[in-house]
Amino acid sequence: MATNEGDMFSAEIVNRGIESSGPNAGSLTFSVRVRRRLPDFLQSVNLKYVKLGYHYLINHGVYLFTIPILLVVFSAEVGSLSKEDLWKKIWEDATYDLASVLSSLAVFVFTFTLYFMSRPRPIYLIDFACYQPDDELKVSREQLIELARKSGKFDEGSLEFQKRIVMSSGIGDETYIPRSVIASSENTATMKEGRAEASMVMFGALDELFEKTGIRPKDVGVLVVNCSIFNPTPSLSAMIINHYKMRGNILSYNLGGMGCSAGIISVDLARDILQSNPGNYAVVVSTEMVGFNWYQGKERSMLIPNCFFRMGCSAVLLSNRRRDFGRAKYRLEHIVRTHKGADDRSFRCVYQEEDDQKFKGIKISKDLIEIGGEALKTNITTLGPLVLPFSEQLIFFATLVWRNFFGGGKSDKNSPSSNKPYIPNYKLAFEHFCVHAASKTILDELQKNLELSDKNMEASRMTLHRFGNTSSSSIWYELAYMEAKEKVKRGDRVWQLAFGSGFKCNSAVWRSMRRVTKPSSRNPWLDCIDAYPASLN
């Protein structure tokens, strides 16, 4: 389907050497490595993922098609009758066939009741909180490099590399970092330091959540905590239960090693548990311990996380109680999860290991953007049929069929646009976009490929600038930004998109239940919202 398959690949010669034995001993040998370049993932769509999306749509929305058909049939039947005939059919014929009328009514009531009782309970988001560390933990970009220099743990080459990355990262001068990481004399953070950071951010976010919602810790029936790097024993979820003295029959889960997309995975898990346990509250805590994975070696690919990750934590209160309809902020519409872990290159693109000096850190592959693009392509292709307007779905699907079966995608030198498929307009499906604030480069690529405007990407860029990459909690800082700007209105749809190690790409779609006014307190943006959007030169 591509115009030129060769344009999608690059080749390089590796493993040069001399054959040591055999009939070709003494001959030069080499291997050719072929790499796939950065994909323009909207230019190539895998049909099976579109099919999967339509499968989800039909399974969960068949009534959307049957009800209009029944209405059309009923209207056609009634429209063919005069007023007198209709009156006669209602009153006179019914007296002679009362059993049929009652039977039909019973079938209708039974069907409606069965549908109402069997459909999944709606999942409401009552409120959420994002932790804002104390000002004493603020660090500018220049201060970060100077502190690293004074620690004596980095050579000049490593310091210069980090400075170059930090200055072009899109991160501002007011992010937060545990200074004990650099000031510590140890080569790696201790468990004590990790627990101290975890207590600070998790309890800070949960205190805010309980204060905003008025929910007591003992009212919580489900607790899901995700933190990729720091997983002590007892677990982080046990730390929360112990601190707040939660009830003994609480259903608690602790997710580790799942990367920056784990926040949506946690929401998905909480949703499934709530469906099996009606009348409950669920709390989802998403965080990452920056200090516990601060790398102090010389490996360039492992120094990159030092430049982007900052302190942060979010706490979300979910409910499946119908009585919470009136006070909920959002209703969960869809979750679509994509996992590319079966591919070795995807599996190792974000990989925790030790370097040659036995320093522990996260190694970031140079293929990360390409691999992330492939995962995102799969995810949005599956999500599209669930959220796009019918007009967009029809045009997109017709274009896809034409390109796949009738050669509409073949290149034509006389028609440069013949090879460009129709790109669905996701701005028609969502009013707000919360794209994981990983780095400036990744946000630029996503904006270009999804054809989003600067306004669509504002929350993500401003969150990266103000708070840095807070891992799985970043999408909630972005939603908090929108609320502080009073952008969220009743009925608006919010798309949260995150990706992380594994390699995974996950989407969550929320619908606003009411207009969200500017909060009077307990929002991490309140002290600086008037200064945003900021210039990112």
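Each Cβ is built from the backbone N, Cα and C atoms, and glycine gets one as well.
For Cys260, His339, His432, His436, His465, Asn469, the entry in TrEMBL reads active site. According to TrEMBL, the feature domain 'FAE' maps to 115-403. Marked as domain 'Beta-ketoacyl-[acyl-carrier-protein] synthase III C-terminal' by TrEMBL: 431-511. Taken from TrEMBL, the feature transmembrane segment covers 56-76, 96-117.
DSSP states for the domain 'Beta-ketoacyl-[acyl-carrier-protein] synthase III C-terminal' (431-511), grouped as helix (H, G, I), strand (E, B) and coil, give 35 helix, 21 strand, 25 coil. In the predicted model, residues of the domain 'Beta-ketoacyl-[acyl-carrier-protein] synthase III C-terminal' (431-511) average a pLDDT of 94. Over all protein chains present, the Cβ of His465 (active site) has 22 other Cβ atoms lying within 10 Å. In the structure shown, the C-beta of His436 has more C-beta neighbours within 10 angstroms than that of any other entry among the active-site residues His339, His432, His436.
Straight-line distance linking the Cα atoms of Cys260 (active site) and Asn469 (active site), rounded to a whole number, equals 9 Å. You'll find the Cα of Asn469 (active site) roughly 19 Å from the Cα of His432 (active site). With a 10 A radius on its CB, Asn469 (active site) counts 26 other CB atoms from all the protein chains. Reported as a whole number, the C-alpha separation between His432 (active site) and His465 (active site) equals 19 Å. His465 (active site) sits 13 Å from His436 (active site), taking the Cα positions as reference.
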